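Colleague: Right, I'll just put the structure down here and ask away after.
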Amino acid sequence: GAVSCQTPTKTLLHCLPMKARSREEESRSVAPKKRVHSGVMAVPVDSLASPDRQQLVEFLEPDQEGVEVVVLESRANAKGVREEDALLENGSQSTESDDISTDQGPVPPSPLKETSFSIGLQVLFPFLLAGFGTVAAGMVLDIVQHWDVFKYVTEVFILVPALLGLKGNLEMTLASRLSTAANIGHMDTPKELWKMIMGNMALIQVQATVVGFLASIAAVIFGWIPDGHFSIGHAILLCASSVATAFIASLVLGMIMIGVIIGSRKIGINPDNVATPIAASLGDLITLALLSGISWGLYIELEDKPYVNPLVCAFFIALLPLWIIIAKRNPVTREVLYSGWEPVIIAMAISSVGGLILDKTVSDPNFAGMAVFTPVINGVGGNLVAVQASRISTYLHMSGMPGESSEKAPRKCPSPCNTFFSSDVNSRSVRVLFLLVVPGHLVFLYTISSMQGGHTTLTLIFIVFYMTAALLQVLILLYIADWMVHWMWGRGLDPDNFSIPYLTALGDLLGTGLLALSFHILWLIGDRDTDVGD
């Protein structure tokens with residue numbers, strides 16, 4: 001940057017050319033003074049023009065004893081530090097002064113400055129939107145469960161939570177990753193933005209294709225073990241349906257997610273509060289509609305054109321090398337490409353266990369009414385815990401990188417009191433999200449009832465059992481999220497990539513299991529009906 005020179009007796013700034021003096025006057029940030037032997041300090045003068053540099057060198061001759069040089073940081077550097085700090089503030093709002101004093105370094109980023117009301121207000125609309133998306137998905141599942149492909153290839157039910165879980169494994173992880181990148185200023189220039197978009201879209205196509213293929217294998221195994229019956233035609237049908245659904249759904253939802261996050265930043269909304277619920281709202285409906293339509297179409301072709309199913313499967317798998325090459329070009333997605341498989345695959349397996357519960361429950365005519373509620377209870381729990389995990393992850397990223405010791409990231413298991421009743425911003429958001437469960441589910445149940453959906457009358461005792469299951473599911477998930485995100489951070493794992501798949505898969509398993517248990521208890525105590533909405 002610019003320089004000024006001082007002797008112990010008088011200021012010698014006038015010795016410098018006017019050009020250098022004007023630079024000094026423009027600069028606002030002064031670095032601490034340093035001395036070298038004979039009282040002379042080495043000065044970086046690269047930024048000065050050649051004539052200026054020559055005059056400065058002539059001025060600083062060895063015979064000038066006791067000369068002290070003050071190096072002034074350039075305006076650009078100071079501005080860069082201030083802009084980065086401002087980006088780390090929520091909503092890119094900062095009250096820092098433009099001037100940085102001589103004794104202070106860059107101010108560390110402050111935690112998210114949000115009240116309970118502002119959190120609730122920002123989360124409410126996307127939460128309701130996501131909920132209505134899950135209601136629509138439930139209505140679709142309620143209708144398609146009577147289609148031939150679901151009757152004769154019942155393993156398709158096992159695919160439902162696993163593929164609907166892709167929104168947690170891939171789309172919500174993408175949304176959380178991009179939200180964090182947007183909040184810390186890694187998507188501010190068009191070049192950075194385009195690089196993030198290309199790398200992340202290619203990455204989720206790789207993950208979707210592989211997870212879709214593995215989900216179909218899990219469905220075949222889970223369907224074969226209890227019955228001991230295996231059909232190669234049905235296995236290829238499941239593979240083609242699963243891979244095609246996962247690929248197309250991830251492509252559509254990924255593009256929607258990117259648009260939502262960029263739009264949120266432009267209008268000053270925290271993307272963490274908005275992106276994950278919107279991913280979920282559209283994710284369930286789009287994925288279930290695609291799975292039903294594709295599996296039905298391929299089932300029709302199974303008899304007359306048996307070669308169609310293997311061709312569909314081979315086509316999407318053949319595209320894998322292209323997506324891998326694109327994803328490897330981006331350093332961020334390259335890391336996830338190599339290390340991000342464990343949570344995605346384990347989450348798919350957990351969701352498939354929930355799918356097995358759904359398959360065995362819905363296949364019983366006495367419990368056909370459960371189908372319409374399964375996407376709702378799973379979706380709401382997954383949405384709320386994904387918001388919380390994304391918020392905690394962003395909060396931790398403001399303090400450094402995963403694995404760095406920080407007072408924000410305790411390694412020990414938190415107590416329930418700290419999770420739900422402390423005064424910090426993450427505990428406040430837990431309370432807000434938990435309070436949304438009952439009113440949200442009441443709205444969704446009323447919507448299903450008014451649309452004549454399902455096969456179950458909404459009696460008082462049914463609502464009590466349903467709400468108990470929903471509250472217990474969300475309570476467990478929010479506590480596990482608080483522990484899991486901090487634990488992963490302490491072990492050097494990025495929670496954006498690792499926590500949400502586990503949490504949404506656990507939401508699917510808990511939601512399906514608790515809902516099935518509620519239906520069995522209701523059946524045992526005599527609250528039975530299967531004719532409503534037929």
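Placed from the backbone N, Cα and C atoms, the Cβ positions cover glycine too.
When I checked TrEMBL for this same protein, it listed these features:
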| type | residues | note |
| --- | --- | --- |
| DOMAIN | 160-294 | domain 'SLC41A/MgtE integral membrane' |
| DOMAIN | 374-517 | domain 'SLC41A/MgtE integral membrane' |
| REGION | 17-36 | region 'Disordered' |
| REGION | 82-111 | region 'Disordered' |
| TRANSMEM | 123-143 | transmembrane segment |
| TRANSMEM | 201-225 | transmembrane segment |
| TRANSMEM | 231-262 | transmembrane segment |
| TRANSMEM | 274-295 | transmembrane segment |
| TRANSMEM | 307-326 | transmembrane segment |
| TRANSMEM | 338-358 | transmembrane segment |
| TRANSMEM | 430-448 | transmembrane segment |
| TRANSMEM | 460-480 | transmembrane segment |
| TRANSMEM | 500-525 | transmembrane segment |
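Tell me about the surroundings of these features in the structure.
Modeller: Per DSSP, the domain 'SLC41A/MgtE integral membrane' (160-294) is made up of 120 helix, 0 strand, 15 coil.
Here the transmembrane segment (123-143) has Cβ contacts under 8 Å with residues 160, 164, 273-274, 277-278, 280-285, 287-289, 292, 371-376, 378-380, 383-384, 387, 432-433, 436, 440, 443-444, 447-448, 451, 453-455, 533 of the same chain, all six or more residues outside its ends.
Residues 154-156, 158-159, 162-163, 166, 169-171, 174, 234-235, 238-239, 241-247, 249-251, 254-255, 258, 313, 316-317, 319-320, 323-324, 326-327, 333, 336-337, 340-341, 344-345, 348-349, 352-353, 355-356, 359 of the same chain, all 6+ positions outside the transmembrane segment (201-225), place their C-beta atoms under 8 angstroms from a C-beta of that stretch.
Away from its own ends, the transmembrane segment (307-326) comes close to residues 198-199, 202-203, 205-206, 209-210, 212-213, 233, 236-237, 239-240, 243-244, 247, 298, 301, 337 of its chain (Cβ-Cβ under 8 Å, at least six residues beyond either end).
Here the transmembrane segment (338-358) has long-range neighbours at 157-162, 164-165, 168-170, 207, 210-211, 214-215, 218-219, 222, 370-371, 374, 378, 497-499, 501-502, 504-506, 508-509, 511-513, 516, meaning same-chain residues at least 6 beyond its ends whose C-beta is under 8 angstroms from one of its own.
Same-chain neighbours of the transmembrane segment (430-448): 116, 119-120, 123-124, 127-128, 131-132, 134-135, 138-139, 372-373, 376-377, 380, 384, 387-388, 419-421, 454, 458, 463, 466-467, 470-471, 474-475, 478, 482, counting only residues six or more beyond its ends whose CB sits under 8 Å from a CB of the stretch.
Counting residues 6+ beyond its ends, the transmembrane segment (460-480) has Cβ neighbours under 8 Å at 373, 377, 380-381, 384-385, 388, 414, 416, 419-420, 430, 433-434, 437-438, 441-442, 445, 503, 506-507, 510-511, 514-515, 517-518, 521-522, 525, 527 in the same chain.
Proximity of distant same-chain residues to the transmembrane segment (500-525), defined by a Cβ-Cβ separation under 8 Å and at least 6 residues beyond the stretch ends, is recorded for 161, 164-165, 167-169, 172-173, 176, 276, 343-344, 346-348, 350-351, 353-355, 357-358, 361, 366-367, 369-370, 373-374, 377-378, 381-382, 385-386, 389-390, 461-462, 465-466, 468-470, 472-473, 476-477, 480-481, 484.
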Colleague: Residue list, the transmembrane segment (274-295) vs rest of chain: Cβ under 8 Å, 6 or more residues beyond ends.
Modeller: 122-123, 126-127, 129-134, 136-137, 140-141, 144, 147, 149, 153, 156, 159-160, 163-164, 166-168, 171-172, 174-176, 178-179, 237-238, 240-242, 244-245, 248-249, 252-253, 256-257, 260-261, 264, 375, 379, 382-383, 386-387, 390, 500
Colleague: Summarise the domain 'SLC41A/MgtE integral membrane' (374-517) as counts of helix, strand and coil residues per DSSP.
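Modeller: Once the DSSP states are binned, the domain 'SLC41A/MgtE integral membrane' (374-517) shows 109 helix, 0 strand, 35 coil.
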